[in-house]
Structure formats: C-alpha cells, structure tokens
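Take a look at the structure set out below.
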Amino acid sequence: MRQNLVAGNWKMNMTYQDGLALVSEITNMVADEVAAPNAPQVVICPPFPLLHGIGKLLPQGSRFHLGAQNCHHKESGAYTGEVSAKLLASIGCEYVILGHSERRQYFREDDELLGQKLKAALAAGLKPIFCVGESLDTREMNETFDFIGKQLQDGLFHLSNEEFDQVTIAYEPIWAIGTGKTASSDQAQEVHAFIRERIARAYDAEAALNTTILYGGSANAQNARELFAKPDVDGGLIGGASLKSRDFTEIIKSF
Ligand SMILES: O=C(CO)COP(=O)(O)O
C-alpha cells in the first residue's frame, strides 16, 4: 500500500542509553502534534541490540514502527554472529532495510544474495525497504537510468506480485549519502518517476501506483518539504538527520 513514510536509518551509531533517550524524545515531540491527514508512518531502524528496547517504547498501534538494518538470508542455523528475519519478526520488527549501498559496497552484497535476503524477510512477514542508487561516476556518464533499471530488474523484479506488494523502494544516490550534497527535488522526482514506470512495466500500473518510494541522501529538516512535495516522492530514508530528535521530528512534519 502506498503511504507517506519516513524511516530513520541510524546505521552504526548510538549507545543503548542514547538510543532509548532519542526515541523517547521523538515520540514525545511527535505525539504533541495533532496528526495531519497526510502524516507519515515512521520507521525507526536502530542497530540490532537496540531493537527490542526501542520496540517497547513505541506506542502500540501508533504510526511508529520498528525496522532492522539487515537480516541473514537463511531461516536459522550455524551462522555465527548473524541475525535471522524470523528472530527480528518475533521481537516486533515490521521492516528491514535491504540493498543499502553501504552493504553492497562494504559487505559485497550482490543481487543474488539480496534476492535470498528478500525472500527470507518476506517469509518471516517483514516488509523490505529495498535501496537502489547510482554512484557519482555513473551519474556523470549519464548511465543513471540504465544502472537503476538493472538494479530493479536483477534485484527486485523476480518477486511475485504478492511479494512485491510488501516492498518499499528507497532511491539513495550514493553521491548524496552522508555528503551534505542532496539530490535536487527535480533529480529525485525524475528517478522516482522512472522507478514507477519500470514497476508498471514489470508488474502493472496498479502496482506502480501503489508502491511507496522514498528518497535518501542528505535529506534534512531544510530540504524535506520540497522533496516530499514532488508527486512521486512518498517520504524519506534518513541517515544523519534521524539521530537528532528536533531534525527528525521536523522531517516527519514536512508533508
Ligand atoms: O544512507 C542513508 C539512509 O539510509 C542516507 O544517509 P544520510 O541522510 O546521512 O545522507
């Protein structure tokens, strides 16, 4: 189902104590607001050890949801140090980020592995937030659309219609992540519209209209409103600015 959504990807930041304090601040600041009709769903994606504690702080049945930043591709077994999708679901996780460029780059996650992770997440009842996005080189060579088309085709469009229904897509240009150099709202809109068109081709027009597509990459309290005003931008996947309660709350209110 297409919805306005803001997800905070904390990456490898925060201690347990700081994380709980941050979430308490955010839920208090957001609860003070009368929910606007287009108020977004909010997904908090902290590191694994914080998930359970933060889950307990999120008001039940509210617009706050819990998300993980990764999961293993097998259901269970001898995989020392790994975390299964099933375990995540059992502690109240609803979402999982997959295909983030940092995991593709630093942990060599390729389309085949991501395909298995998508299946494992979906089998456990988690909703994947699947990331795509081009490097600066790719953009400068005018290959952005080919590159993202291939990421979608090889990484995501093998899912069945029912499986694809559960997926949120995040467009995160690598050159904008953590650089303070955000894509312009027009650049974001252009790629989001392209993604929607490719979904229509791979599935159907209804699937394209129903897919939530987020923008990520140096989104902040100053630029969120302009980005979210674009017709194909349904919200954001926020890194740095999700670590500050005031900034993140401002972004949540930017619809
Ligand atoms: O990678 C991101 C979210 O997943 C974006 O990070 P920044 O918002 O820090 O650029």
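Using the three backbone atoms N, Cα and C, a Cβ is placed for every residue, glycine included.
Now, the feature entries from TrEMBL:
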type	residues	note
ACT_SITE	HIS100	active site, electrophile
ACT_SITE	GLU172	active site, proton acceptor
BINDING	ASN9, TRP10, LYS11, GLY178, SER218, GLY239, GLY240	substrate binding site
Which residues, same chain and not among ASN9, TRP10, LYS11, GLY178, SER218, GLY239, GLY240, have a CB within 8 angstroms of the centroid of the CB atoms at the recorded substrate site? ASN13, ILE177, ILE238, ALA241, SER242, LEU243
Got a sec? Which of these binding-site residues, LYS11, GLY239, GLY240, has the most Cβ atoms within 10 Å? GLY239
Ranking the binding-site residues ASN9, SER218 by other Cβ atoms within 10 Å, which is at the bottom? SER218
Three states by DSSP: which one describes ASN9 (substrate binding site)? strand
Based on the record's binding annotation for substrate (ASN9, TRP10, LYS11, GLY178, SER218, GLY239, GLY240), what whole-number value in Å is the widest Cα to Cα distance? 14
Spatial separation of TRP10 (substrate binding site) from HIS100 (active site, electrophile) - C-alpha basis, Å: 13
Give me the Cα-Cα distance between LYS11 (substrate binding site) and GLU172 (active site, proton acceptor), rounded to a whole Å. 14
List of residues, in chain order, with Cβ under 8 A from that of GLY178 (substrate binding site) and at least 6 apart: SER218, GLY239, GLY240
If you measure between the CA atoms of ASN9 (substrate binding site) and GLU172 (active site, proton acceptor) and round to the nearest Å, you get 12
